[in-house]
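Notes follow the structure.
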Amino acid sequence: MSQPDPSVLEEIGQLRVALNDANYRYYALDEPTLTDADYDRQLQRLQQLESEYPDQVVPDSPTQRVGSAPTEGFPEVAHAIPMLSLDNAFSRDDIVAFAQRVAERLECQVDDIEFSCEPKLDGAAVSLVYEQGVLVIGATRGDGRTGEGITSNLRTLRSVPLKLVGDELPALVEVRGEVIMRHSGFEALNERAREEGSKVFANPRNAAAGSLRQLDPRITATRPLEFHAYQAARLEPDLGDTTHSALMQRLSKLGFRTSTELTTMRGPEAVADYCDQLGAKRDQLGYDIDGVVIKVNDLRHQRELGFVARAPRWAVAFKFPAQEEVTTLNDVEFQVGRTGAITPVARLEPVTVAGVTVSNATLHNADEIIRLGVMIGDTVAIRRAGDVIPQVVRVDEEKRPADARAITFPDHCPVCGSDIERLEGEAVARCSGGLYCAAQRKEALKHFASRKALDIDGLGEKLIEQLVDQEWVKTPADLFHLSVEQLKSLPRMGEKSATNLVNALEKAKQTTLARFIYALGIREVGEATAANVANHFGTLQALQDADQAALEAVNDVGPIVAKHIHTFFRQPHNLETLQVLIEAGITWQESEVTQGPTPLEGQTWVLTGAMESMTRDEGKARLQALGAKVAGSVSKKTTCLVAGEAAGSKLTKAEQLGVEVIDEATFIDRLTAWERSE
Ligand SMILES: [Zn+2]
């Protein structure tokens, strides 16, 4: 192996310092100095150098956070100092009683005792051991005496320093803290799980604990986890700090993120006020806390007070009301979203969860109902935390009443009665009455009027919302019956704009079949598919009459899109709406389709680079309509390559293989000629 050049060694060193410093500033000080892009760029450079010189890789390199290979299981780690639990306090009286017990033992006045208070994070407790400033062990709490060694997983958290910061580092440092997941990260993780059909986590704590115990650290590396330090269990030699709050500042200087809410105060009344204030702020923190940790701040006093049984006498955990409560599921209703998605909503026996009355909770989708195994009449656990929508997290099957009913997903939209479509492998069920369904009215109209659809000038989103709210427009056809008189009575609408809009509507009536099909807003029918379908069938009637097999014969239309189109034209309400639109005067040029051979039958085309006059999808659709196959790469079988702006490797390859290459202008000329002769 080649020995790196001194300049390479220097660059590796500089990159590590820069990246570690960026992590420290970002996570411990909350003062980001590098943009994410800069961080990634420097990290990639370091990865590249380390892969060239593997001898130079060290365990505390920032590249080691991406996660090492999976392990068989986790080794046991005995905690040198047990990770104890704290006694709980639930009220102001409990806090006062705790302070009095402390005062009696210390033989002083309660109001003279200084307490340190900080939020009690709701995540997974872990312990980190550093020798000579380098992380050597990371472990879970376990039973308090023995935990599991999850060092490789903890290394992947950017808020866990791999190397401590500063010149004077204690030989041994053991830090305890909580690994948490913020609400935003938790929601995103569950959203992804729902889409992939994998298990959703009940709450951020389970998500954090589950992510930490992955056997494959590369999975942990993808989870949005943060470490927050709250205790220095061992500092050898100790650096002379005399209070808990000073120790926390010390940890921050060593590179750890500590609580920004940590405050010291004297007397139990001030402590109780702090608990009230933090409780009121709880929903706005963006992460779960379940209480306040109250500690006697003076470390000498802590030693004097000592321990009783398994808990220290110098600390107590004030607990907030639980964010999970148990209640009865009275019924399930189905809501229709603005894009037609059907969501089951649990109607609950009202219950107070963390100070708020909850009578509805989401059940997400049909898969989630099956996963929970929930029935109407069941006793269920409800969770409400901060900005997260209340959700049903568990079912107590032992309490299931004899008359419990299964939840049946409706076949028809509860708002408009159209068929509900749920495709295999898709979690979400949808109403197929896009044009007619009142729940989807605004979105459907916005799409109908949009530039690539009927292109109605002056009919913007705000105006559409006004027209729907006034109940002047229920279906797209109603748009064409609006009068200048009516429109100019709207706020901020003058005679001139009203006239312009009526004229624009009149003009939009003359359209094309492709635009009209696109405007209908059939699921997954974009402009290219609409153009293909229009070319293939030629008339609306032929499209309406087509069965699934006939639809699948269209270029680029697979079984799923065929099913969407077929279902759409089987909804009586949709057909009525189409009829009314045509009666309102919408017209287009229909063409009888020639069933003869298509001019480009048997040819394979490739499109590359950007074109000015059309998107690549449009070009593809038009070629396919002429019978050509459109491929993604150039080979000997390629008939012709269309090279747009900035064409790259495909152009080179085509030239090497002697494939015909044409530019955009030639392409359009030929397309138009073929389309005319067809
Ligand atoms: Zn509907």
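Placed from the backbone N, Cα and C atoms, the Cβ positions cover glycine too.
Remember, TrEMBL labels are computer predictions, not curated facts.
Secondary structure from DSSP puts D40 (NAD(+) binding site) in a helix. If you look up TrEMBL, you'll see D36, A37, D38, Y39, D40, S85, L86, E118, R141, E178, K295, K319 marked as NAD(+) binding site.
The Cβ of K120 (active site, N6-AMP-lysine intermediate) has 21 other Cβ atoms within 10 Å, all protein chains considered. Under the DSSP three-state reduction, K120 (active site, N6-AMP-lysine intermediate) is assigned to strand. Look at TrEMBL and you will find K120 tagged as active site, N6-AMP-lysine intermediate.
Of all Cβ atoms in the protein chains displayed, 24 besides its own lie within 10 Å of the Cβ of C437 (Zn(2+) binding site). The feature Zn(2+) binding site is assigned by TrEMBL to C413, C416, C437.
If you look up TrEMBL, you'll see 595-678 marked as domain 'BRCT'. Confidence in the domain 'BRCT' (595-678), given as mean pLDDT, stands at 84.
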Using C-alpha atoms, which one of the recorded positions L86, K120, K295 comes nearest to C416 (Zn(2+) binding site)?
K120
Widest Cα pair spacing in Å over the listed NAD(+) contacts D36, A37, D38, Y39, D40, S85, L86, E118, R141, E178, K295, K319 is 43
Three-state secondary structure of L86 (NAD(+) binding site) from DSSP?
coil
Compare the Cα of R141 (NAD(+) binding site) against each of the recorded positions K120, C413, C437 and report the nearest.
K120
Near ligand 1, which of the binding-site residues D38, D40, R141, K295 have CB less than 6 Å from any of its atoms?
none
Run through the Cβ atoms and count how many others sit within 10 Å of the one on R141 (NAD(+) binding site).
21
Need the DSSP three-state call for K295 (NAD(+) binding site) to compare against my parser.
strand
Counting only residues outside C413, C416, C437 in the same chain, those with C-beta within 8 angstroms of the Zn(2+) site's C-beta centroid are V336, G340, P414, V415, G417, S418, C431, G433, Y436, A438, A439, Q440, H573
